Amino acid sequence: MPCPSQSSDELEFFVNGKKVTEKNVDPEVTLLAFLRKNLRLTGTKYACGTGSCGACTVMVSQHDPVCKKTRHFSVMACLVPLCSLHGAAVTTVEGVGSIKTRLHPVQERLAKSHGTQCGFCSPGMVMSMYALLRNHPQPSEEQLLEALGGNLCRCTGYRPILESGRTFCMESDGCLQKGTGQCCLDQKEGDSSGSKSDICTELFVKDEFQPLDPTQELIFPPELLRMAENPEKQTLTFYGERITWIAPGTLQELLVLKAKYPEAPLISGNTALGPAMKSQGHFYPVLLSPARIPDLRMVTKTSGGLTIGACCSLAQVKDVLAESISELPEEKTQTYRALLKHLRSLAGQQIRNMASLGGHVISRHYYSDLNPILSVGNATLNLLSEEGLRQIPLNGHFLAGLANEDLKPEEILGSVYIPHSQKREFVSAFRQAQCHQNALPDVNAGMRVLFKEGTDIIEELSIAYGGVGPTTVSAHRSCQQLLGRRWNALLLDEACRLLLDEVSLPGSAVGGKVEFRRTLIVSFFFKFYLEVLQELKADKRLLPESTDSQRYPEIADGSRSSLGDFQVTLPQGVQTYQRVNSHQPLQDPVGRPIMHLSGLKHATGEAVFCDDIPRVDKELFMALVTSTRAHARIISIDSSEVLDLPGVVDVITAEDIPGNNGEEDDKLLAVDKVLCVGQVVCAVVAETDVQAKRATKKIKITYEDLKPVLFTIEDAIQHNSFLCPEKKLEQGNMEEAFENVDQIVEGKVHVGGQEHFYMETQRVLVIPKTEDKELDMYVSTQDPAHVQKTVSSALNIPLSRITCHVKRVGGGFGGKVGRPAVFGAIAAVGAVKTGRPIRLVLDREDDMLITGGRHPLFAKYKVGFMNSGRIKALDIECYINGGCTLDDSELVTEFLVLKLENAYKIRNLRLRGRACMTNLPSNTAFRGFGFPQGALVTESCITAVAAKCGLPPEKIREKNMYKTVDKTIYKQAFNPEPLIRCWNECLDKSSFAIRRTRVDEFNKKSYWRKRGIAVVPMKFSVGFAATSYHQAAALVHIYTDGSVLVAHGGNELGQGIHTKMLQVASRELKIPMSYLHTSETCTAAVPNTIATAASVGADVNGRAVQNACQILLKRLEPVIKKNPEGTWRDWIEAAFEQRISLSATGYNRGYKAFMDWEKGEGDPFPYYVYGAACSEVEIDCLTGAHKKMRTDIVMDACCSLNPAIDVGQIEGAFIQGMGLYTTEDVHYSPEGVLYSRSPDKYKIPTVTDVPEQFNVSLLPSSQTPLTIYSSKGLGESGMFLGSSVFFAIADAVAAARRQRDIAEDFTVKSPATPERVRMACADRFTDMIPRDDPKTFKPWSIPIA
């Protein structure tokens, strides 16, 4: 390789209009790292590091001297090598606009449309929309969806983000609700006691937004324009510590370099090479960049086809194909249309902007979406070397890497030739993935057939599959055997048999889902068969007039439904809430849809998160070393090699902890043995994060494996491995009740786990002070007091010496209640030992590997009922997978059992729960805290009863629902009147009865597509079961200028607690919110705080803020009486002069929770949140894909403190719950290694998963006396309502099974992934696939529930 002692060339580019010149660029440095560390532009966030989430989105502008145009495109900064930006202009969120200078309309609209919650994803959302608007100032709705397809948000549910983007779009023709022909604004208001004049449907005022003026954007720097038009042809070389980057200026130079460094890969978009080098250990000392060579970006159109340069991005390829389709006759564009179809859903927009056609082809990934189509479309690869041009077909031989049909080490791919399709030729593409967009396919396919002229006899047939082998697999042998056959039903049967014989998938195949993937092989061909049959029937031009029309049989109406894919459209919806009383003063913000206080800062990137804090003097970085064994004794930890590495300062082990090493069963750092893969064993401290992370790979740990090793709930039950005693509630006489019923049904329910996937990973900054062993800690946590206590215990220092600061948290969902204390303590030990500040920021993979998530559940039920549907007895036994330590598993078990009954009064009821101990990372608190799993069990019982009775599930729900004031199974009294109102309004607003009939009519006519509709009720108990957690304090200071600082014990997680607290203070002090400010949550200002969790943050802290403000106002009363015409500032100045204290501590001694498990009774919860949701879906029975057509939610919020924030909480929780029940599948290896630990392997919902029609109504005229201003906490309750989508899918599956005469007493496990839906819709294709004996192979993954 080149000598690194040589001097590097200068790298020149622009950032936000300012020139940047770097003389010593390390090729391993990414744009994201440079922006954050070197330029201190921290608005661009690190969230995944693999280009899969969009948090690091920026815009890159480059001038193309060939077409004389400047391109603006969004990219993922975490993947962009800094070296690749020579001559480019980068725009970050700071360059778009700021609060300090001028807001850009994108930023303003995102914030004011309530499109930010935690705000961590917001800069990325802004940049994706901004890049779109730079290219299309008035985009279409389809373009908006495409632009945001690569951006993830875990908080909002996307609807308000899309709503903000819609304000820039071309006006549509209206918003007719799908299937009703009515405008969403014409919804019925239901049977509410509030009049229509009291109901509002506007959360923001569109007319107040500043207009978009495209002429005011940053221009492309003239200096870069000159560089592009008159490029320096010499080779640029950048030498790093380990890698050399060479960017030649001409094609010939590149070919010479490739001959000199034949093993050096070409790096273009870095979308494949980057993740491989980061996560898979690949390393290349020399990288060759073809970015400066225009020859490799050329596009040539000829009469026979398209030649596209290998360095063209996939986005450019997409544009070229779309242009050709618009210019050419349809018969010539079959292959182009198939490619374009996959390009719309392949990855996200940013990756399509970065990834090159050549890289996509050459990588030959088994999941490649384009190679199967290029292969069947007879594409040709133009290979270049010093020896000249060599052409090879992109066929099965190339894809298999056969010697004579592959690239030689000294060759590069110059371009790809894609011929036009021809008359009598049909080309189609198919793919099925966990989500519609930004998800790798489970299986994809390209298929092409050419018929002999005037016949349906096959002349050529090509079929290629992705996702069924190590690379794209060509079914060449099957195709050859089908030549000369007619396109009819006999061919279909023979083709399926041949394909299954040739395209074999072993039972242990990587990725699992083997039977599903086998089924897709033939399901896709059936779709292709029908598509071609339809075209043959419809297109008379293909056949001479004398051809017998009976040759092409009519496609049955039911089969016609399998044609085409689900179309994704921008969601529509309406949000309704009750207006504030007309007599309420205008300055009183309570009940109004106030924007999140940090909304504008979120949108401009000026909101400071934990890792955005500037590096402090002498700061070190920490990286964790985790166990690679599930259950083993630690024989030794050898760090000798590590301590000699550059930059490494120390290795922290359990021996370095001066105090307590955590709990007995939950150590901070492992001692003697490990209990799971991912347990933290030790930590490396180094000068930089890169040095620390590299050093962790050199720690040598010797293990001795121990038995037993338990992963599944079934394993734990067999070994009697439990974390705590059984929790049980029972009422009535179970035995007698079961003896006196008409029918009994028994069943099982499985609910998978769920990753928190907060956008901001776990992170902490610890700064030791010079005196008295004091520590300042900046932590991303929901419970700073717990961090403080854990650090105090570990270091043996008083709590008063440790100050924890929480400015804001980039999402928590329960995942930042307990775990941050562990990371904080480990970092604090390192800080004390080294005497230097320590920063610990977990990579996404480590975060997901270590921290655990929602408890997977397995339940058995037995239900006895009358033929009328009245349930007389119900016995449920639940087991949750707690992982290797107790954590919150006992509490989750208690809440699970307490909440299992949901909305139903069942006189004879037995509920039991156990937490299993397994060798997996400990599962922990998660939004809903057991209710989303438990309530799904109960609703599954309801569905089973309905099926047996032959009655609609909603009738069974109504018959068994609480109706009047009653007591729960644990003897707590409550009034279900709001529950009944929510249920009735949901049925009414959703037009359920009408749509139920329409769904049934649709299903009668459609065989391969089925619709389902379901409505579920909810009774969600709010609060902690421990009395000590129902307390809070606040500290309010009034300064002499009249400004007010409010401190309280709640933590801002995105749920808007700071906004709500200032609304409370504004009302109590009778001053505008502009006078009020809150800075952070700090244990020095408000001590002994409780976790911000259980939906009571605003309840308990609101009362404390209210109390403090009332104390202050009481003190000011004499001053105000003396000068009633004075201003607020006058009164404050007078009070100061009179030595009246302008500081007050407020305190709330809240609800006295009580639960006696021995007696099975108590009052554990202060109140309930009631709600109901109705969802309608359509499923594709051949692939398992589904489309969410409409969701209506009615929620009892009582008197909402802030309708905009509360609606956002409901929508966000619903979408997160929908993810739990449909897409978020957790996979572990048979050795206990978590596979799904990055966003490309673990799929949370995206913008394309939002229901097409998404309506939310807050129940009007509802009251509760227990909370601040009669409001309710809504942070968690919407989670379970996502199950309405699950039960709608199950309803659609049931319809399919009925039509196929298959038993309806089936169970779809949660999540209802495409795999599970497809396999539940059993048919001729699922019947024909081969099935393996489970004893003959080792599965890729294991079911932990």
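Each residue, glycine too, has its Cβ placed from N, Cα and C.
Per Swiss-Prot, the Mo-molybdopterin site holds Q117, C155, G812, F813, A1094, S1095, V1096, G1097, L1274; the candidate it also names there, chosen from Q216, Q754, Q1031, Q1209, is Q1209. Going by what Swiss-Prot states, the [2Fe-2S] cluster 1 site holds C48, C53, C56, and the candidate of C67, C78 recorded there is C78. Summary of the site annotation: Swiss-Prot records FAD binding at L266, I267, S268, G269, N270, T271, A272, L273, A347, S356, H360, L413. Screening the candidates D295, D369 against this entry identifies D369 as the one listed for that site. Of all the binding-site residues listed here (N270, A272, G812, A1094), G812 has the Cα closest to the Cα of C121 ([2Fe-2S] cluster 2 binding site).
Among the binding-site residues listed (C53, C56, S268, N270), C53 has its Cα nearest to the Cα of V1096 (Mo-molybdopterin binding site). Sequence-distant neighbours of L413 (FAD binding site) (same chain, 6+ apart, CB under 8 A from its CB) are A310, G358, V361, I362, L381, N382, L383, L384, L407.
Nearest by CA distance to C48 ([2Fe-2S] cluster 1 binding site), out of the binding-site residues Q117, A347, H360, A1094, is A347. Within the set of binding-site residues (C48, C153, A272, A347, A1094), the lowest number of other Cβ atoms found within 10 Å of a Cβ is recorded at A272.
Put simply, C153 is the one of the binding-site residues C118, C153, C155, G812, A1094 whose Cα lies nearest to the Cα of H360 (FAD binding site). S268 (FAD binding site): 25 other CB atoms within 10 A of its CB, across all protein chains.
Among the binding-site residues C53, C56, C121, L266, V1096, the residue whose Cβ has the fewest other Cβ atoms within 10 Å is L266.
Comparing the binding-site residues C78, C118, C155 on other C-beta atoms within 10 angstroms of each C-beta gives the minimum for C78. Nearest by CA distance to Q117 (Mo-molybdopterin binding site), out of the recorded positions C153, L266, N270, A347, E1276, is C153. Cα-Cα distance from S268 (FAD binding site) to C56 ([2Fe-2S] cluster 1 binding site): 19 Å (rounded to the nearest whole number).
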